[in-house]
Each structure stands twice: as structure tokens, then as C-alpha cells.
């Protein structure tokens, strides 16, 4: 009778050990599956990082344009009166303009005009500067005589200008709430016989090869930016 009890206890012990081992194996498999599901896909993370970078860059450009509008709204000049532009006129000008980023701080409007000369007739080159110290911000706007020239200018994206790779994008029209009228240039060059104006925000060069369409009969100076 004692032998039977010992044999029974041994059988129960073996069954208990097998069940325990089975549970441990199940836990190991489950943990392995969970670890596998938590692995990060490098390609997916790279795409997410790139999208975030593009969103931040777009927001930065948007903020810079808003800041420029606010600064230029308080600009003043001597001897020249600005002609207010309607929203429709502003939008039409923007369709003929491009944004140029990563511009060398020592670059002049004339140098930018020469760099984009082959794209078509240029009406205006505007280099934005800090209001406080007058130093360039590192970006500019170029207004062409026709919106067809914008497509050619966009092909200049990532070209080298003064040893730096510039970024060229279509100019976005600012929101109606941010006024773009009554603005002036910090050094304006308008062909033969034109006077230069002074303000705190930007400098411009305007080609004298062709008259600006749509502004005959207006005052001698206008500021679309």
C-alpha cells in the first residue's frame, strides 16, 4: 500500500512539473511575440521624421512671412509715397513671385538679379532684413514680369549662389488680416533716374529693361511685399 502511495505521488509530481513547464513555455512565447511587435521600423521612423521636418520648415516660412508683414507695416521712407494695393493686385503679384531661402547674408539684390536673370524679366528683388539692426535675414523675394517665368525660376532650386545651396519656392499670398500696403524698401534701385528710399526692412533692385505691366499712370513707387 505504501508503494502505491509513493508511485501515485511521483505521478502527480511529474504531471505538476509538466504543467509548470508548459506555462513557462507559453509565457516565453508570449513575451517573444510582444518584443517582436514592439520593434521599430527604421524606414517608417525616417519617413515620420522627414514629414515632421517638412511641416516645421513650412511653419517657419509662414512665421517669417507674417513677421516681415508686421515689421514692414511700420516702415517709413523719405520723398516717396507708396500706392496701396488691393488684395487682388497683391495676389496677382504673388503669382509672379518666388521665395528664395538660404541666401548668403552678404549677398546684394543685384547679385540675386544676375543669378535669376536667365529665368525672365525681373521687376523686383527684395532682401528682407531685421528691423532692429538692419542685418539680412537670409531670404528674399523675386518678382518677375510674368508668372510663366516662375516655373523657370523654380528649376533654380538647390542651385549654388555665393557657395550656398538656395531654396526656391512659389511665394504664398499672405492672409488678408496682415496688411501688405504702404511698405517701403531699405535701398531701392529703379533703373535710370530713380531715387533710393530708406526703411528698416528690406532692400530691392528693380530691372530697368521693361516697364512693369498694369501700373501705368500710378505713382513712381509701389511696394507689393
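Numbers run from 1 along the shown chain.
A Cβ is built for glycine as well, from the same backbone N, Cα and C atoms used for every other residue.
It is 1-42, from the ranges 1-42, 43-84, that Swiss-Prot records as region 'Disordered'. Residue counts for the domain 'RRM' (96-173) under DSSP, helix first, then strand, then coil, are 17 helix, 30 strand, 31 coil. Mean pLDDT of the predicted structure over the domain 'RRM' (96-173): 93.
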